[in-house]
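Summarising the annotation, Swiss-Prot assigns signal peptide to 1-27 and lists sequence analysis as the type of evidence. Summarising the annotation, Swiss-Prot assigns active site, nucleophile to S36. Annotation comment: Swiss-Prot describes N117, N354 as N-linked glycosylation site, evidence class sequence analysis. The active site annotation in Swiss-Prot covers D326, H329.
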Amino acid sequence: MNINCSPLGFLISLFFIVTFLAPQVKSRAFFVFGDSLVDNGNNDYLVTTARADNYPYGIDYPTRRPTGRFSNGLNIPDIISEAIGMPSTLPYLSPHLTGENLLVGANFASAGIGILNDTGIQFVNIIRISKQMEYFEQYQLRVSALIGPEATQQLVNQALVLITLGGNDFVNNYYLIPFSARSRQYALPDYVVYLISEYGKILRKLYELGARRVLVTGTGAMGCAPAELAQHSRNGECYGALQTAAALFNPQLVDLIASVNAEIGQDVFVAANAYQMNMDYLSNPEQFGFVTSKVACCGQGPYNGIGLCTPVSNLCPNRDLYAFWDAFHPTEKANRIIVNQILTGSSKYMHPMNLSTAMLLDSSKI
């Protein structure tokens with residue numbers, strides 16, 4: 001068994017991170033952009049249906065209360081913060097994001113958004129990626145008033161940035177309804193090329209705004225989500241159209257990142273192969289301690305994949321035995337498997353290096 005896939009391997013990796021990586025990396029701010037996979041609660045402050053503010057969301061969070069995270073507990077940004085010895089970043093819209101809390105960083109992510117501005121229009125009031133960038137500029141002005149412009153520029157340049165986009169551009173746009181506007185406008189391969197082109201503009205904007213170490217996650221195994229199984233699967237097989245979309249999108253994202261890094265002249269952007277990370281435990285759930293990788297812990301209908309996770313939904317008693325928390329989102333345990341690969345994974349998962357290597361390189365420059 002591959003040690004990185006086993007419980008022992010996970011513990012060894014965690015020991016390495018806590019005892020070796022965290023002490024060597026100077027405290028740095030952490031900024032998060034993207035969708036529901038990384039939203040720490042911004043949508044709780046918006047009038048939108050894309051919210052996770054009801055029980056049983058947060059059932060395993062330290063406070064045992066919903067926080068706006070689409071998880072039973074911690075999400076990917078929380079676990080990255082934990083691994084590098086920093087507190088979780090607050091949502092940018094939180095009234096508590098003031099004073100010294102600003103220096104930790106901020107989470108700008110908003111459930112439902114995508115690369116394109118017409119993605120997630122059914123959710124109406126969400127923070128589209130262009131607005132997230134505006135908030136990042138606003139954040140820098142707020143911090144400049146606190147510590148001065150030079151120190152602010154240094155804080156941003158030395159920060160870690162995470163961006164997670166793309167899934168909703170397929171699930172909540174191209175494949176949202178039969179004969180959607182985008183599917184009539186583009187054949188799938190052409191749509192992917194368009195998405196990658198638009199994503200390139202976003203990454204270059206991040207660099208322009210001062211980001212110098214950016215982790216970019218590709219789309220996960222979208223067709224294997226319980227919501228997709230409930231709609232499209234007869235025997236538990238993943239929905240082929242979305243799997244094909246991911247197979248087209250992710251390699252082109254890696255190529256884009258290599259191209260942008262070449263333009264800049266340094267490896268600012270690091271690609272995470274979220275699809276492969278997902279497929280490892282979805283294809284072999286028992287190897288990771290899951291009893292199922294198809295049925296969501298919280299939900300209703302086939303695979304618990306219909307509708308929202310609510311107080312009256314089916315709820316599994318042990319979330320650690322399930323890969324999916326709700327119809328679309330991983331459990332905290334699955335998120336920990338993903339972050340473990342982000343931090344210590346081989347070139348199969350991370351390009352051009354894993355996050356631990358990147359951060360150790362960064363620490364030598366600070």
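Quick reminder: no glycine exception, Cβ is built from N, Cα and C everywhere.
Feature map: annotations from Swiss-Prot on the structure.
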{"residue": "S36", "record": "active site, nucleophile", "DSSP class": "coil"}
{"residue": "N117", "record": "N-linked glycosylation site", "DSSP class": "coil"}
{"residue": "D326", "record": "active site", "DSSP class": "coil"}
{"residue": "N354", "record": "N-linked glycosylation site", "DSSP class": "coil"}
Using only C-alpha positions, which one of N117, D326, H329, N354 is spatially nearest the residue listed as 'active site, nucleophile'? These are the recorded positions in the record.
H329
For D326 (active site), nearby residues of its own chain (Cβ under 8 Å, 6 or more apart in sequence):
F70, P226, A296, C297, C298, G299, N304, L308, C309
Tell me the Cα distance separating N354 (N-linked glycosylation site) from H329 (active site), rounded to the nearest angstrom.
23
When a 10 Å sphere is centred on the Cβ of N354 (N-linked glycosylation site), how many other Cβ atoms does it contain?
20
Lowest local Cβ density among S36, N117, which the record lists as recorded positions, within 10 Å:
N117
H329 (active site) has how many other Cβ neighbours within 10 Å of its own Cβ?
26
